[in-house]
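Asker: Have a look at the structure that comes next, please.
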Number of protein chains: 2
Amino acid sequence: MAYYRTHQCGKLSKTEIGQEVTLCGWVQRRRDLGGVIFIDFRDRSGLVQIVMNPEYNQEAHRIGDRVRNEYVLKVKGNIVERSAETVNPKISTGEIEVHISDVEILNEAKNPPFQIEDQVEVDENIRLKYRYLDLRRPAMQQSIILRHKVSKAFRDFLDENDFLEIETPMLTKSTPEGARDYLVPSRVHPGEFFALPQSPQLFKQLLMVSGYERYFQIVRCFRDEDLRADRQPEFTQVDIETSFLTMEELLPLMEKMVAQVCEQSIGLKVEAPFQRLTYREAIDRYGSDKPDLRFGMELTDVSDIAAACGFKVFSGAVERGGQVKGINVKGCGHFSRKDVDDLMGFAARYGAKGLAWIAYQDGEIRGPIARFFTKEEMAQFKERFAVSEGDLLLFVADTAKVVADTLGALRTKFGKELGLIDSSVFKFAWVVDFPLVEYDEDQKRYVALHHPFTMPVEEDLELFDTDPGQIRAQAYDLVLNGFEVGGGSMRIYKRDIQEKMFKALGFSQEEATDKFGFLLDAFEYGTPPHGGIALGLDRFVMLLAGRSNLREVIAFPKTASAADPMTDAPGEVDEKQLDELSISLQLPEEVTK
Amino acid sequence: MAYYRTHQCGKLSKTEIGQEVTLCGWVQRRRDLGGVIFIDFRDRSGLVQIVMNPEYNQEAHRIGDRVRNEYVLKVKGNIVERSAETVNPKISTGEIEVHISDVEILNEAKNPPFQIEDQVEVDENIRLKYRYLDLRRPAMQQSIILRHKVSKAFRDFLDENDFLEIETPMLTKSTPEGARDYLVPSRVHPGEFFALPQSPQLFKQLLMVSGYERYFQIVRCFRDEDLRADRQPEFTQVDIETSFLTMEELLPLMEKMVAQVCEQSIGLKVEAPFQRLTYREAIDRYGSDKPDLRFGMELTDVSDIAAACGFKVFSGAVERGGQVKGINVKGCGHFSRKDVDDLMGFAARYGAKGLAWIAYQDGEIRGPIARFFTKEEMAQFKERFAVSEGDLLLFVADTAKVVADTLGALRTKFGKELGLIDSSVFKFAWVVDFPLVEYDEDQKRYVALHHPFTMPVEEDLELFDTDPGQIRAQAYDLVLNGFEVGGGSMRIYKRDIQEKMFKALGFSQEEATDKFGFLLDAFEYGTPPHGGIALGLDRFVMLLAGRSNLREVIAFPKTASAADPMTDAPGEVDEKQLDELSISLQLPEEVTK
């Protein structure tokens with residue numbers, strides 16, 4: 001066979017009228033109208049209507065009669081203009097059709113287990129088991145094409161700006177800090193293991209030591225954690241590192257990159273510079289370090305009023321060092337006690353033990369707590385929350401963390417449910433001035449908020465010896481519409497500071513040397529000041545595509561239990577394979593056969 | 001600090017004369033000439049000479065006095081034209097120098113363990129242990145930059161030609177065919193394992209089932225095999241798959257791609273179409289399925305002469321179904337018996353039990369076998385090998401495989417040693433018409449020469465039932481200068497043919513369904529004709545860079561024992577990590593502690 005096709009279905013137009021074309025594709029839909037067969041014929045480029053009429057060709061019509069949805073055909077025919085009343089304005093090729101003179105069935109198709117359309121509700125496990133069919137749906141195809149465009153746009157921008165894409169190893173060493181590693185037993189070195197990288201962090205820093213100055217990589221990373229809707233065991237990162245750039249030079253460059261990618265991939269104009277929020281401000285105003293800035297409903301602090309009030313739950317919380325804050329849910333003044341009680345289950349997930357409320361509706365003020373406050377206090381609430389008729393105030397009195405988490409989550413929930421969010425808006429912002437470390441009550445030690453290689457703000461360096469919890473990091477997160485889409489920092493590039501950091505995290509000298517000795521060594525051979533960022537490609541594409549699940553933008557994702565129903569991975573392996581790797585199974589009792 | 005630098009060292013020129021600039025970089029070399037300090041100052045862009053003279057600035061000179069090689073500095077100074085006699089034509093910035101008024105030591109550097117220069121001979125393990133220093137060498141930097149350019153050029157071409165880059169999973173299922181898998185224990189599914197992909201073969205085929213038509217991916221692949229100089233446990237592939245393209249359309253498209261990549265990366269013009277050789281022809285003429293076509297010295301078959309001659313070693317080989325072939329090593333007629341004996345060790349590696357020779361030198365004919373041949377036979381040799389004065393004929397009489405392997409290797413050896421190869425020439429060729437399967441004496445069954453998804457030549461399909469060994473594959477290898485740089489095929493896309501193939505390979509129905517059921521299923525839902533190719537990026541870049549070792553074009557490669565001396569991977573892990581994965585160590589006795 002010299003060729004399969006001369007044209008693509010979706011690219012045909014009136015220009016080709018009168019031409020004979022050969023097409024290949026799938027039967028999207030087949031109708032028989034009075035002995036004439038009309039097929040919506042599909043390839044990647046789109047649809048065209050092909051017509052098998054015994055008047056054009058008897059044999060072709062005979063074969064056409066046999067075909068069913070999703071059959072793969074090669075057809076030959078003439079491009080003909082449709083009559084005015086049969087023009088289909090919904091498809092790009094709607095002004096023409098192809099009168100078929102020759103059909104070859106390249107492959108048959110069984111009835112698919114679900115209809116290949118966007119609107120169809122199908123159990124996700126079935127979709128994943130037959131992913132090769134699910135990927136035929138227009139919405140999936142658009143996601144995958146968008147993902148390609150986004151990656152290409154990142155690469156083009158970075159290349160234009162002198163960044164080199166440099167590949168780093170996938171078979172690396174397991175390190176203690178961070179999430180759980182995926183391990184890979186070594187056959188050549190019995191008893192030893194590689195780890196799949198959680199990120200190329202150390203390698204990219206070493207590339208800065210090597211003088212590459214501008215590195216990037218679009219790279220697969222791995223975390224063996226329990227999954228959520230916006231997590232996958234393997235995910236893709238746009239990983240970037242630079243030397244000799246200050247944070248004030250790097251962030252605008254990254255803004256330019258993000259803007260160019262948005263424009264080239266979905267035609268979105270993004271305004272720079274991006275808003276900047278300190279970590280403190282984000283938590284205070286939005287109860288989140290990745291606030292959705294597309295709407296208001298900010299958290300309002302009333303701890304001062306609460307401290308002196310007669311309502312013990314409020315004053316007690318402040319006494320114990322906590323906070324009392326609230327949000328004004330506009331237009332929900334009609335909420336009943338039951339409505340608010342229903343919210344309690346939601347609030348409890350974030351640790352709140354109670355949810356206080358005051359409703360302003362029909363000139364009335366309702367809510368069981370209202371009676372505890374003086375007229376002046378009620379006036380202060382009214383002013384501080386800019387209350388108007390029909391509003392609902394929700395309060396949480398607890399530790400600062402519970403207050404922020406609960407009100408932040410309620411704010412997001414109401415933002416969505418009340419339609420306060422314009423989904424066509426993309427609000428990028430930087431969150432900066434993160435704490436370097438935070439105290440982990442479980443481990444009874446400080447842990448790095450970003451990672452152990454983050455550079456402290458210069459003037460806070462002396463706090464290592466006195467109060468590490470107060471050190472600010474030269475770190476920044478890129479947030480978009482309530483998601484963290486990127487995070488980075490300036491890095492430590494001097495051995496003494498890195499050692500102080502390891503010490504603050506409770507590493508023994510030996511541990512530090514054992515795990516990161518090569519990095520500490522590298523710092524002594526002329527390491528430049530450097531810093532970078534990593535963007536989550538999956539999440540970024542998900543947001544640009546307007547989807548809410550990572551599996552909608554990954555061709556072959558894993559389920560929430562980190563499995564692939566299609567290939568049935570993971571699976572059992574031969575005893576011989578384990579022997580070669582010097583490992584054996586040690587199954588928990590209930591699994592042992 | 002608002003900024004680190006205003007300019008890059010290697011980009012300075014006479015245009016900047018009179019300007020004050022701020023630079024950052026490394027001390028490449030420092031000389032003190034009569035109290036004035038001259039430093040070759042380096043960043044990624046190149047070198048510039050900076051001068052610290054107490055007359056310009058005392059403090060800067062004082063600091064300059066302290067710096068040593070590989071220190072990282074931030075310097076400020078004025079660009080000054082050099083006097084004619086001090087111009088350095090060897091560097092791009094040789095017409096100017098920078099008179100320094102301010103120096104800041106950003107980081108110090110110990111004496112590196114080896115000199116950071118290209119010509120220095122350093123033990124490779126030391127180079128890999130200090131890879132971050134080794135990567136500073138100009139040759140390594142050029143390789144890494146070239147690799148970036150090559151990847152970019154591939155991506156640009158493929159994007160321009162409607163290919164979508166689609167990411168496929170790294171955590172996949174272990175399959176029986178092919179090389180040894182790297183396994184990844186699953187924590188969530190005790191006793192089960194993922195495998196790292198040897199290639200995304202099945203996923204890219206499924207993407208064709210999904211209708212993506214043109215897929216590519218530059219993707220990491222893994223094979224747990226014992227290593228050679230041109231193998232790494234993880235390697236990178238330019239992976240391509242298309243639908244509705246015949247082989248006669250795909251190969252020219254790939255030629256265009258390769259030509260564009262060569263041109264854009266190293267400015268090399270490559271002529272298309274590439275030469276095509278059948279597998280048979282390649283073996284017959286060059287003793288290799290990846291022949292170096294930059295020189296002649298083809299293998300000449302003399303089995304017909306040998307069969308009838310009086311030399312038992314020759315006639316016996318032909319009688320036993322073998323061959324007698326030879327090469328004419330021009331200009332080596334002076335070889336002594338000892339010289340040829342020395343070649344025997346080399347030949348033996350390829351299975352040869354002997355090496356017969358005839359030398360033509362100074363009008364004499366030498367060689368112990370000459371006396372076994374008649375005058376006519378000697379004349380025939382002379383004619384067939386186009387012998388002239390000073391030639392050396394080398395013969396091997398053995399099975400076809402040993403003859404090809406031995407003479408092919410000798411040909412390559414002499415090609416290099418006699419300087420017959422023009423290293424500036426890049427000779428691409430396609431090798432086609434491979435056998436689909438070959439019989440494996442160890443396993444007593446047929447194994448796929450490429451892989452089990454390769455489509456047979458249509459007219460050979462009926463041989464599945466009679467003589468599978470005779471089936472030709474619709475497969476093609478891309479060879480370059482004696483290396484296989486790519487390989488691919490048209491794929492099976494019908495369930496019945498795929499089942500025949502599995503059967504020919506000795507898979508039981510159950511095995512086939514267990515391992516590849518999802519593929520067989522997929523074939524029943526409308527699979528288009530498809531085919532593709534995979535190019536080895538590491539090897540391709542290695543050849544374009546003119547290097548002979550893959551480690552020269554991989555930033556962080558593994559040693560021949562699949563380890564990384566820098567990070568010390570693989571390494572031991574905590575017992576807790578193994579417990580979570582439901583595995584335990586089962587060390588061979590000599591390793592148990």
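If you go along the chain as it appears here, the first residue is 1 and each next one adds 1.
Yeah, the Cβs are placed from backbone N, Cα and C, and that goes for glycine too.
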Asker: Let me know which member of A:GLN232, A:GLN474 TrEMBL also records as binding ATP at the site of A:ARG223, A:ASP224, A:GLU225, A:GLU484, A:GLY536, A:LEU537, A:ASP538, A:ARG539.
Answerer: A:GLN232
Asker: Scan A:161-164, A:201-204, A:341-344 against TrEMBL and say which stretch is down as region 'Aspartate'.
Answerer: A:201-204
Asker: By the DSSP assignment reduced to helix, strand and coil, which category contains A:GLU225 (ATP binding site)?
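Answerer: DSSP assigns A:GLU225 (ATP binding site) to coil.
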Asker: Using DSSP, would you call A:LEU537 (ATP binding site) helix, strand or coil?
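Answerer: A:LEU537 (ATP binding site) sits in a helix per DSSP.
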Asker: Residue counts in helix (H, G, I), strand (E, B) and coil for the region 'Aspartate' (A:201-204), per DSSP?
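Answerer: The breakdown for the region 'Aspartate' (A:201-204) reads 4 helix, 0 strand, 0 coil.
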Asker: Where does the mean pLDDT land for the region 'Aspartate' (A:201-204)?
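Answerer: The average pLDDT of the model in the region 'Aspartate' (A:201-204) works out to 96.
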Asker: Should A:ARG491 (L-aspartate binding site) be counted as helix, strand, or coil on the basis of DSSP?
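Answerer: Where A:ARG491 (L-aspartate binding site) sits, the three-state DSSP reduction gives strand.
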Asker: Express the distance between the Cα positions of A:ARG223 (L-aspartate binding site) and A:GLU484 (ATP binding site) as a whole number of Å.
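Answerer: With the alpha carbons as reference points, the distance is 17 Å.
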Asker: Counting other Cβ atoms within 10 Å of each residue's Cβ, which of the binding-site residues A:GLU225, A:GLU484 comes out lowest?
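Answerer: Across A:GLU225, A:GLU484, these binding-site residues, the one with fewest Cβ atoms within 10 Å is A:GLU225.
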Asker: Please report the distance from the Cα of A:GLU484 (ATP binding site) to the Cα of A:HIS450 (L-aspartate binding site), rounded to the nearest angstrom.
Answerer: 13
Asker: Does anything in the same chain, at least 6 positions from A:HIS450 (L-aspartate binding site), have a Cβ under 8 Å from its Cβ, and if so what?
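Answerer: Looking at Cβ-Cβ distances below 8 Å from A:HIS450 (L-aspartate binding site), excluding near sequence neighbours, one finds A:PHE434, A:ALA473, A:ALA475, A:GLY487, A:SER489.
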Asker: If you count Cβ atoms within 10 Å of the Cβ of A:ARG539 (ATP binding site), leaving out that atom itself, what do you get?
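Answerer: Result for A:ARG539 (ATP binding site): 21 neighbouring Cβ atoms inside 10 Å.
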Asker: Could you give the Cα-Cα distance between A:ARG491 (L-aspartate binding site) and A:LEU537 (ATP binding site), in whole Å?
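Answerer: With distance taken Cα to Cα, A:LEU537 (ATP binding site) is 22 Å from A:ARG491 (L-aspartate binding site).
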